[in-house]
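Enquirer: Residues or ranges marked as L-histidine binding site in TrEMBL: 145, 159, 294. Annotation comment: TrEMBL describes 41-322 as domain 'Aminoacyl-transfer RNA synthetases class-II family profile'.
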């Protein structure tokens, strides 16, 4: 029996196969046609973007290590009560920004909107600080805030955060944090200006509210406000400082600044911080409206922001910080002091795209700088920067006052030499250099310290 011609049937099947293959992939096997997109305010970080993330995180870790900040991590979920207690139930962070829900076990859980409350909890829960010790921490990770989705802002974003906690430290802690933040941006080729002010202590803050109210009680001043400005003044007195309305800007600009109404202790604290910034040549602006920023309603005393300058024009802040000791008070530890900053890495990366930036590798240190007096702290900060820029790998613990503890820190990081600056050396314009292996120490002219270290370490 002759075989049947099957060519036609074969061709038909082949054509049918091809026509099926041309269908969109999302319609094959009855898959839904609509793609599920990411949630509003969220961001995917794709592989081609990670060169920027490597760059900023390496720089953050490098600087933190140089200044002896130790890395830690914190849970992404916390008890909702933590934020209600530390920041207040009526605060913007809790009332407007907090993602909170009730679990199947009837627990009230919140996604992390900020690192400070969780850090306070962790330090107290683990009894991490002994009397007299300074706790310096580095944290990198995501935070989530509900109302950050307008104008390209993200609800989930990543932060670089440094914090200092302890029972006692002075203005040098604020100054060092600002210095590190400034260096972070400078070495990423982002021009910034530090906006700074002080909220004072709780008494200062409450008294200043009365100063503003009394100012607008003066004849005719409240009448010069626009209708919208009057609503702001009635709802939240401090927010009147943030009103930008040409019709009433002159009357708002004449509100007495808070710096003129700080108590002696708070005023002195701010003055010393500004003296540090002047000595370190850090550009800053005493911003009268900064105290009304909603991000600082859980802070007291020093507050600051890092504001980028593009073609001479100031832009949206890339981060900020200040003193949040009041959170520890609300957690029951009235002796714990805390200050720190958080920098938005997504915003930072948006400013550095396309820039060719070489990063230093964090290696073992060569030199440790120790100081014995408050007057010596500013000088050693300047010397630290001079040595770092000259190529030396330097370590320090400026916030620690005890020379013994500073030398113990020098031994831990295994430096070859320690520089010691005390009151006598400061007056004589000299500095002591100690060989950490032999213990031999000698006094040299501080102006020759770079050349002396270069000769001993063969840096150049």
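Placement of Cβ uses the backbone N, Cα and C atoms for every residue, glycine included.
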Enquirer: By Cβ count within 10 Å, point out the most packed of the binding-site residues listed: 145, 294.
Expert: 145
Enquirer: Looking only at 145, 159, 294, which the record lists for L-histidine, tell me the maximum pairwise CA distance in angstrom.
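Expert: Result: 18 Å between the two most distant Cα atoms.
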Enquirer: Once the DSSP letters are reduced so that anything not helix or strand counts as coil, what is residue 294 (L-histidine binding site)?
Expert: helix
Enquirer: Find the average pLDDT over the domain 'Aminoacyl-transfer RNA synthetases class-II family profile' (41-322) in the predicted model and report it.
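Expert: Taking every residue of the domain 'Aminoacyl-transfer RNA synthetases class-II family profile' (41-322) together, the mean pLDDT is 92.
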Enquirer: Which ones in the same chain are close to residue 159 (L-histidine binding site), with CB under 8 Å and 6+ residues apart in sequence?
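Expert: For residue 159 (L-histidine binding site), the qualifying residues are 115, 139, 140, 141, 142, 143, 319, 342, 343, 344, 345.
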